[in-house]
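Chemist: One structure follows; several queries about it will come next.
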């Protein structure tokens, strides 16, 4: 007869009332035993109700036995709240002597939670005078592991020592698991090494702990030791060692483990198979990973996540998105935060803004899955897709932010030319609860570089020193770049010289820094030093070196290193290297040699190569060749605004105003807009921006007055405006007025007004400095007795005592 039928029989209550107390207790015990065996919660509650109604009869003699049974019944049915209530009603003498029930309650809480109830019950057990047994400790330690309460765990370990239970393999295994999960690997290893008898579970605990905390080599060695001890790894061992093999790229041992799994039939287990495909993915064996994935009969969400992640990590982003679509259509799996995060990374790699927005829309509709980590991934996706306004909007809307959120948006602004926005968010971060981290500074310093914000960059350097970041190579590389682009190439070299460890990026950054300052000889010497220390140059090194030769007019040197690239260093020249060579020849006035060089290229030149020659044609006013080059550029397409501007400038320079106007009409009809000239100057840590003809600055009236005064002084010294650079066919007086309002002149004048006497002025401009401003600033350096530095789109111009370091070669 089933437990349910017994409980429901209507005559049972009458029978119980009329029976003796010992008989009642016996019947209750039988009923509860039947409910325990069948896990019948509903019938258990009926029996419990009857017990409460007949409490005086049912709980007199032997009541503890009945309550014990009822407690066990609720534990079996996973009703721990009810189990705890019943347990508390057991009379103390009987409860004190029932250590088994105490252990069952602790075990139940340790497995199902709340975990802290297990620890509280353990302390209550001791207070009640009940001595714990060897069966108590594995479960109370498990609760400590789940909560990572290190002090409670150590206290319980001390109790184990006092009771002399340290030799028990189950307790020691629980201690190893507890210490590893709390990050106390030295203590875990000490317990493990002192074990006289280790089973597979003990080894697995130590192996899993080592793998969890990144001790991958130790993990692999321990598996080998385990086998040497005569124990065979089980599926849990395999699941722990596979991530370690993947992280250290140990494909040979990875394949051995795979073979072992096949022999032991572990490979059919979904967790093991997922671990195998992840291992192969990290070892760059995409074919093996895919093969395992597609032969798996059962795939769970983690499996799909792992395979999509493998594709993304190996730069097969398109395939990752296709697999994501298959997951949605075939297996109808609702994507988790982890999968959505990986898919957004794929969108970032492909700059697939449309798909990224679709994923964002799904996240919004789902509502509950959005968290800070997913928000940060969305920020990075929008930034890498160039949608920085969307990223800024999302950042402002995020209710919860962490340091990664700030890092992502600062980096995004810096990468998308929004340096002022990056600096603004950096200041917000400083006023928030988050301190700038190493990753923050790696993004902050390039923003300072972009605006030539030397004071802010120097503050960032000081902060990095205080926080100990300057031991990191990436920070030092960012500092070299920042100081070089802020006109302080000597300080950049000091940073380079004191670096503990230099990588290829360090050398490239320093060579590039010398190049943009017109220090081509120094760049070549540093290139020789690079070879002396045994570091092989890469393709970027040669771009920096050839560019440095170009800016310094080192034609023979540039030709020499271009030929040596492939012959001596086995670096195949790509489009950027040919562009540098055309720029080198063009700057030196070798226009037709540059054209012949283009014609001998092993692949079709793109717009950038022809644009370099067009810029040289502009400098040397070669109308015939510029028209030929312009036709080439237009036939290639898509054109850029810069090419239209170059050709228009060439026509304007020689007075062909109708042709210049026609070029601007074509430019406008094709939807290309000229970027306005913008210049920035930093005053006392604040960056001030100016555009041509700017009247918006609070000190505009004072700036224009001072500029007009300086022009009068400059004319006394022989200055005449270079009106040929004005693109409009207007009167000379109007041309002079237009030239007066150029952004770099306004920024320099504001610097003169704002900085103390003899203070150097640093201005950065988003376009090439015009011929008139170049001439004018030579005179300004004399009139104002200032050293003036202007960084334009291609290089630095250092004006001192009426001379520019570029030698009018730019």
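Sequential numbering from 1, following the chain as shown.
Cβ coordinates are placed from backbone N, Cα and C, and glycine is handled just like the others.
Pulled from TrEMBL, these are the listed features:
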REPEAT    98-132  repeat 'PPR'
REPEAT    199-233  repeat 'PPR'
REPEAT    300-334  repeat 'PPR'
REPEAT    371-401  repeat 'PPR'
REPEAT    402-436  repeat 'PPR'
REPEAT    472-506  repeat 'PPR'
DOMAIN    718-810  domain 'DYW'
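Mind mapping these onto the model and telling me what they sit next to?
Modeler: If one looks beyond the repeat 'PPR' (98-132) by at least 6 residues along the same chain, the residues whose Cβ comes under 8 Å of a Cβ in the stretch are 64, 68, 71-72, 75, 78, 80, 83-84, 87, 90, 92, 139-140, 142-144, 146-147, 149, 152, 156, 159, 163.
Mean model confidence of the repeat 'PPR' (199-233) amounts to 94 (pLDDT, 0 to 100 scale).
Counting same-chain residues at least six beyond the ends of the repeat 'PPR' (300-334), those with a Cβ under 8 angstroms from any Cβ of the stretch are 270-271, 273-274, 277-278, 280-282, 284, 286, 289-290, 293, 342-343, 345-347, 349-350, 352, 355.
Long-range contacts of the repeat 'PPR' (371-401) within the same chain: residues 337, 340-341, 344-345, 347-349, 351-353, 356, 360, 363, 408-409, 411-413, 415-416, 418, 421, 425, 432, 434, each at least 6 residues beyond the stretch ends and with a Cβ under 8 Å from a Cβ of the stretch.
Listed as Cβ neighbours of the repeat 'PPR' (472-506) (distance under 8 Å, sequence separation of 6 or more from its ends, same chain) are residues 438, 441-442, 445-446, 448-450, 452-454, 457, 460-461, 464, 512-514, 516-517, 519, 535, 537-538, 540-541, 762, 764, 789, 791, 796, 798.
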Chemist: Over the span of the repeat 'PPR' (371-401), count residues by DSSP class, listing helix, strand and coil in order.
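Modeler: Within the repeat 'PPR' (371-401) the tally stands at 23 helix, 0 strand, 8 coil.
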Chemist: Looking only at residues six or more beyond either end of the repeat 'PPR' (402-436), which have a C-beta under 8 A from one in the stretch?
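Modeler: Counting only partners 6 or more residues beyond its ends, the repeat 'PPR' (402-436) has Cβ contacts under 8 Å with 372-373, 375-376, 379-380, 382-384, 386, 388, 391-392, 395, 442-444, 446-448, 450-451, 453, 456, 463, 687, 689.
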Chemist: Give me the DSSP three-state residue breakdown of the repeat 'PPR' (402-436), ordered helix, strand, coil.
Modeler: 26 helix, 0 strand, 9 coil
Chemist: For a three-state summary based on DSSP, what are the helix, strand and coil counts in the repeat 'PPR' (300-334)?
Modeler: 28 helix, 0 strand, 7 coil
